[in-house]
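Quick notes on the structure that follows.
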Amino acid sequence: MKNKSSRTRVAILGSGSIGLDLMFKVKASEHFDLKFVVGRHANSDGLKLARSCNVETSSDGLDFLKENEDAYDLVFDATSAAAHKVNNGFFSGAGKFVIDLTPAKLGRLCVPCINLDDIGAEQNVNLITCGGQASLPLAYALKQAVDEIEYLEVVSAIASRSAGIATRENIDEYMTTTEYALAQFSGAKKTKAILNINPAEPGVRMQTTLYAHARYRDFDRVRACVAEMVEKVREYVPGYRLVVEPIESQGRITISLTVRGRGDYLPEYAGNLDIINCAALAVASHRHATARLGATQ
């Protein structure tokens, strides 16, 4: 175990499913010293669980982090898009590095397997959406393999029990941010994102299907680029795998994937939450390594 002084001090803002799963991931890492889990309701199950894990908690939200701004260096914001826009006003002024797990789209868009090395000294990194983290690696791989993408559609299906209040309240932002990121990372002329919430019991594992109308000359190159990208994602999301490898018909490419969660806190079927948390941890670990390298030079 590393000395606490060599670890990055972390606060988690948001005590729902994403925040709690992050708590277990952060506590398991030797790179981080988890200082706080902060929510809004003192008697919430999330804050009770955090306290039972010997983590300091508060139900005072952003006000608590303002009062204790010298106690942490990095914040995971797992609230909502609207709340993040308020929260980041303080964090940016205080010089805190924020990893935004909401679809607020304020900071640098990041998918670790694509542009982790490009985030540099950004104050705010946005992880887009769970569907974005699942589909964008494949969209980017297609960009490398085809001449042009005319239209790109992504359909994600998730279990109802893995869709919390914030997810349901942010549906519009989910669509807008995912579609924007798809255009940015793929170069597609038109994009569309669809999220289906499946009430089936037991919960069904997250599945995302990508449809692309594209011009290409070598479909073997499409397969190779997609396969290479899948392996890159699996470096930080081990449960990421294709269920339908690239197939083509009359200029339309179809690819489908599933994500099995690690089961740190969330059930394995909640791959939609696990993938964005794994991405968050990858970004945080990269920033930790960069900061430590800078301190030794």
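Every residue gets a Cβ built from N, Cα and C, even glycine.
Taken from Swiss-Prot as is:
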- Ser15, Gly16, Ser17, Ile18, Ser162, Ala163, Gly164, Ile165, Ala166, Thr167, Arg168, Glu169, Asn170, Asn272: NAD(+) binding site (BINDING)
- Cys130: active site, acyl-thioester intermediate (ACT_SITE)
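For Asn170 (NAD(+) binding site), the count of additional Cβ atoms within 10 Å of its Cβ stands at 21 [all protein chains shown]. Cα of Ala166 (NAD(+) binding site) to Cα of Cys130 (active site, acyl-thioester intermediate): a span of 13 Å. Here the Cα atom of Asn170 (NAD(+) binding site) is found 12 Å from that of Cys130 (active site, acyl-thioester intermediate).
For the recorded positions Cys130, Ala166, the largest tally of other C-beta atoms within 10 A is found at Cys130.
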